[in-house]
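Colleague: The structure follows.
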Amino acid sequence: MSQSVSERTRIKSDRYESGVIPYAKMGYWDASYTVQDTDVLALFRITPQPGVDPVEAAAAVAGESSTATWTVVWTDLLTACERYRAKAYRVDPVPNTTDQYFAFIAYECDLFEEGSLANLTASIIGNVFGFKAVAALRLEDMRIPYAYLKTFQGPATGIVVERERLNKYGAPLLGATVKPKLGLSGKNYGRVVYEGLKGGLDFLKDDENINSQPFMRWRERFLYCLEGINRASAATGEVKGSYLNITAATMEEVYKRADYAKQIGSVIVIIDLVMGYTAIQSAAIWARDNDMLLHLHRAGNSTYARQKNHGINFRVICKWMRMSGVDHIHAGTVVGKLEGDPLMIKGFYDVLRLTTLDVNLPYGIFFDMSWASLRKCMPVASGGIHCGQMHQLIHYLGDDVVLQFGGGTIGHPDGIQAGATANRVALEAMVLARNEGADYFNPQVGPQILREAAKKCGPLQTALDLWKDISFNYTSTDTADFAETPTANV
């Protein structure tokens with residue numbers, strides 16, 4: 001016997017509630033949820049629109065970054081909805097604010113394709129940042145579970161193997177970015193590489209926007225750089241290198257340049273963050289297959305990482321890039337010309353260098369996390385640093401870092417080689433003093449160590465006279481929520 005329309009409607013209503021329902025009532029908020037070891041966890045800084053309850057805003061973010069749309073859909077009945085819904089399980093007010101909240105959200109691991117950063121980010125940051133229920137939204141931190149991490153390759157080389165290849169231990173590595181970064185001919189570019197390496201640097205590097213322009217095509221640059229590397233290595237007896245930028249318009253062209261770099265003897269190439277997550281992972285797989293180091297310039301990151309209330313915190317980018325498989329990434333200097341709160345920078349470096357992360361709120365680390373045996377990623381400090389800051393750089397950044405003095409090498413009045421020598425002597429003098437127990441970070445002691453070293457090194461004395469104690473101390477935009485730091489109160 002056929003059922004009446006009213007009877008069918010009654011049965012449907014018993015099984016399924018249609019229409020627009022608050023996200024919190026649809027299962028995207030669960031204060032009693034027990035976090036599972038296999039969950040992907042995300043911490044968002046939420047600024048709800050006026051009149052929007054913080055819990056509802058958190059649930060909305062959870063819903064829109066997982067399975068929800070604006071209305072209930074009957075096809076929910078065809079899925080394991082309870083399992084696949086992301087669950088906001090905790091909302092805390094952000095210290096020292098009146099309209100911001102930390103929302104903790106758990107995602108079932110099966111929501112994400114294995115080993116695909118593009119798929120992970122398509123959910124976590126794909127749609128929710130334009131959602132009307134929130135006035136601003138920032139992804140502050142993530143916990144990637146062991147099971148999901150193991151589907152990513154991580155850095156192919158890592159810090160330990162890179163040091164073995166260079167035969168350099170117990171101190172930062174030294175580098176410089178060729179300046180001016182645009183306009184040099186290939187021959188002059190190669191000369192800069194040679195002079196810097198011969199003067200004592202371990203690396204020179206292409207900058208983010210030197211690719212293949214009319215004034216210097218990529219093949220010309222690669223050949224002259226390798227000539228400079230080989231001559232400097234022969235003259236010094238040290239392993240040297242220069243990061244060759246293979247960033248291009250298509251992956252076909254990226255691979256073409258990468259293959260050529262390998263063929264002529266390069267050991268390291270560089271790509272830019274603006275290439276995109278799929279391109280970065282593809283380049284990392286190529287680097288692993290070809291036994292090459294992969295350096296990542298974070299070009300473009302501050303368009304979404306710098307503002308405190310909206311975007312993506314750079315510590316999350318650090319996690320994603322370590323998962324993707326880059327060996328180096330620019331991660332801040334504290335004392336240079338670019339954004340860099342000391343506690344935030346230390347948090348970035350911990351994310352890249354530690355095997356296990358513990359909750360450290362002053363550093364902005366909200367989750368315990370094991371790196372599941374993925375290799376460590378070498379942080380790079382670059383942008384407005386010079387040898388007179390060596391005591392500060394070593395104190396803040398430690399040993400496992402590449403210190404890149406671009407202008408601080410090439411801007412030396414006596415030439416590029418002299419600038420490189422000044423940096424090398426300053427580094428070795430400071431490391432030696434530290435190892436002997438000196439209070440090198442003391443503002444009276446550190447500069448004096450450099451002055452003593454300069455008595456036997458003319459290039460260092462010239463550099464100290466030129467740049468003195470210049471630093472770029474501005475109030476940081478992105479500061480710790482749970483501690484005050486010096487640059488936040490300049």
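Backbone N, Cα and C define each Cβ position, glycine as well.
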Colleague: Need a hand: Swiss-Prot gives N127, T177, K181, R298, H330 for substrate, which of S233, S242, S373, S382 is also on that list?
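Modeller: Checking S233, S242, S373, S382 against Swiss-Prot: the substrate site match is S382.
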Colleague: Going by C-alpha distance, which of the recorded positions K179, K205, D207, H297 is nearest to N127 (substrate binding site)?
Modeller: H297
Colleague: List the residues of the same chain that sit at least 6 positions away from H330 (substrate binding site) in sequence and have their Cβ under 8 Å from its Cβ, in sequence order, or write 'none'.
Modeller: L296, H297, R298, P379, V380, A381, S382, G383
Colleague: R298 (substrate binding site) has how many other Cβ neighbours within 10 Å of its own Cβ?
Modeller: 22
Colleague: Near K205 (Mg(2+) binding site), which residues of its chain come within a Cβ-Cβ distance under 8 Å, counting only those 6 or more away in sequence?
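Modeller: When sequence neighbours closer than 6 are ignored, K205 (Mg(2+) binding site) has G175, A176, T177, V178, S242, Y243, I270, H295, Q404 within Cβ distance under 8 Å.
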Colleague: Based on Cα coordinates, which of the following recorded positions are within 10 Å of D207 (Mg(2+) binding site): K179, K181, K337?
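Modeller: Taking K179, K181, K337 one by one, the ones whose Cα falls within 10 Å of D207 (Mg(2+) binding site) are K179, K181.
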